[in-house]
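What Swiss-Prot annotates here:
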ACT_SITE  Tyr194  active site, proton acceptor
BINDING   10-34, 63-64, Asn90, 194-198, 231-233  NADP(+) binding site
BINDING   Phe95, Lys96, Val97, Gln106, Ala193, Tyr194  glutathione binding site
BINDING   Ser140  substrate binding site
MOD_RES   Ser30  phosphoserine
Amino acid sequence: MKSGIRVALVTGSNKGIGLAIVRDLCRLFSGEVVLTARDVARGQAAVQQLQAEGLSPRFHQLDIDDLQSIRTLRDFLLKEYGGLDVLVNNAGIAFKVADPTPFHIQAEVTMKTNFFGTRDVCTELLPLIKPQGRVVNISSMMSLRALKSCSPELQQKFRSETITEEELVGLMNKFAEDTKKGVHQKEGWPSSAYGVTKIGVTVLSRIHARKLSEQRKGDKILLNACCPGWVRTDMAGPSATKSPEEGAETPVYLALLPLDAEGPHGQFVMEKRVEQW
């Protein structure tokens, strides 16, 4: 085991914002950086691309939709490093606006990865986070937009300081069920499946931060959700306003908060500023 060596890991990091975050961490983080991807060939190609730039990330396979894949990664981190110092949950999916896939299937598929996949990674890897560790969950300003389009009842639930992870899971499942029945609008949901999944990520971040403050008070771990902005990626398309490098700025800022920092913690951050949830 490489005891004493710090390690940072970014999910879904073979391209786009994830790759830009890995590049910055390779330059700025004092420790090893693990690039992950579902597809081994694509992940290794991304590592080679960074090696050509004089950087040296490690690669490990990770499909956040596959619990066994997450657990294999967990075991690797424990064996190699005895834990994890920085976790950036970047992996996620979105359907294009013009995609003909029925809405309820879009909702189910997007929810499975963006919320449940991210939650599974947190379940397995948060216990590995070392004192003064940093966790960054990539959410989206779409979560704030979707929240404001929810019914007052749903808004109240999602803004609650006491909502539990189980209650949040119940709400995310209800959204998927309501879309299947075609009653999601009647039930107070917005019409963006992606937005609802990112409400889930933001609220999950608030819950996990609260738990860390309660259960690991002295460990000074900081966990936040953030929006990278509208970034030119395969997901957002070519007309977006930011480059991937610009999109990486806020996530990297949160991943590298000084070790003596008191916050932000449990916040939703955009352009390095805390946004009101």
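Just so you know, glycine gets a Cβ as well, placed from its N, Cα and C.
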Three-state secondary structure, which DSSP defines for Val10 (NADP(+) binding site): strand
In three-state DSSP terms, the structure that Thr233 (NADP(+) binding site) belongs to: coil
Cα-Cα distance maximum in Å, computed over every pair in Phe95, Lys96, Val97, Gln106, Ala193, Tyr194 that the record assigns to glutathione: 11
Residues flanking the glutathione site, with Cβ no more than 8 Å from the Cβ centroid of Phe95, Lys96, Val97, Gln106, Ala193, Tyr194 and excluding those residues themselves: Ala94, Asp99, Thr101, Thr110, Ser192
Cα separation, Lys96 (glutathione binding site) to Ala20 (NADP(+) binding site) (Å, whole number): 22
Top Cα neighbour of Gln106 (glutathione binding site) in the set of recorded positions Val10, Ser30, Tyr194, Val196: Tyr194
Spatial neighbour of Val10 (NADP(+) binding site) that is closest, considering only the binding-site residues Phe95, Lys96, Ser140 and their CA atoms: Ser140
Rounded Cα separation (Å) that holds between the residue listed as 'substrate binding site' and Ser30 (NADP(+) binding site): 28
Three-state secondary structure, which DSSP defines for Gln106 (glutathione binding site): helix
Neighbour-count leader, CB within 10 A, binding-site residues: Lys15, Lys96: Lys15
Rounded Cα separation (Å) that holds between Phe95 (glutathione binding site) and Val196 (NADP(+) binding site): 13
Entry from the binding-site residues list Gln106, Ser140, Thr233 having the most other CB atoms no farther than 10 A: Ser140
Cβ atoms near Val196 (NADP(+) binding site) (within 10 Å, other residues, all chains): 30
